[in-house]
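Enquirer: Below is a structure I'd like to ask you about.
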Amino acid sequence: MAESAPLKIVFMGTPDFAAASLRHLLAWDGCDVVGVYTQPDRPCGRGQQCRPSAVKMLALEHGLDVRQPVNFRDEADVQALRDFGADILVVAAYGLILPQSVLDAAPMGAVNVHGSLLPRYRGAAPIQRAVMNGDAVTGITIMQVVKQLDAGPMLLQKALGIGCDETSGQLHDQLAELGGRLLVETLARLRAGTIMPIPQDDALATYAAKLTKADGLVDWNRTAVEVHAQVRGVTPWPAAYFTLRREGQKDVRVTIEPGTIGPLLEQPAVPGTIVGLVDGAIAFACADRTYLVRTIRPADKKPMTGEAFWCGYLSRCEGECPGFAVCEGA
């Protein structure tokens, strides 16, 4: 292909992370987005109303042809993809494992925008798992799509530091933008023939499993640093939670926003015990020191400060108030 010819692209993606890549493609004069594939509209939220994906909304704003097959088992759907005549497919958080017939639908194959430094964190939740594991660095990988999950040869990578108080939601937004920029750079170099795929080392591969609500259950038996990483990693979803049990009173299911690592425990305390109020924050005992929570939300209530929660829910406790995590209601 001549370097001056725009790449004809079919884009495949669904959530906000993918929409950032599509936005960068639409702003680049080196390509022509001829079609967009995204997941079918699905019920979401408390009202369970069907809502279009972020990618669909952006595509429609730009008058693009949007397709939403449930899968590609029907040959007619595969043929419809071929009929776009794309040079290459671009995939970003699409939500479907693509069959070989789809990968073969464009002469240059398919490339994917992945939110980690592969081969680390293959799978559905690379951003959240990196934060939950306390990693200091993550990044974006643009790689060729093969049948095996996230295992294709790498085209470009770029690292990004993870702040010690950064949540997965905040990191997601940074990586989404980085992914869009790196995608355009990758496609420009593919178009010019100046990029060489690098095989992944499967021996170094790790897997980032999709998060469930159970991942938000705070494990106070960990160190405060590990608890902080867990809470940051599950923010905004599924959110960090536990059940506070008070002797002679009703259990309280609460969620918390990321706090700060507090001082070492002055004396041994059962992990999960509330050991005091420190500068307006509730101090929870961890394995080694305290974790200070400044924003807490009881079930079916609005978020409140740690001090307000202390006064409203713990004022009848004498001394230490026992609180520990349970899975019920996850």
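Backbone N, Cα and C atoms are what each Cβ position is placed from, and that goes for glycine too.
Pulled these from Swiss-Prot:
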{"type": "BINDING", "residues": "Ser116, Leu117, Leu118, Pro119", "note": "(6S)-5,6,7,8-tetrahydrofolate binding site"}
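Neighbours and distances for these, please.
Expert: In the structure as shown, the Cβ atom of Leu117 ((6S)-5,6,7,8-tetrahydrofolate binding site) sits within 10 Å of 20 other Cβ atoms.
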Enquirer: If you count the other Cβ atoms within 10 Å of each Cβ, which of the binding-site residues Ser116, Leu118, Pro119 comes out on top?
Expert: Leu118
Enquirer: Which are the residues of the chain, Ser116, Leu117, Leu118, Pro119 excluded, whose CB is within 8 A of where the CB atoms of the (6S)-5,6,7,8-tetrahydrofolate site average out, their centroid?
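Expert: Once Ser116, Leu117, Leu118, Pro119 are set aside, the remaining close residues are His114, Arg120, Tyr121, Arg122, Pro126, Gly139, Thr141, Asp150, Met154, Gln157, Gln200.
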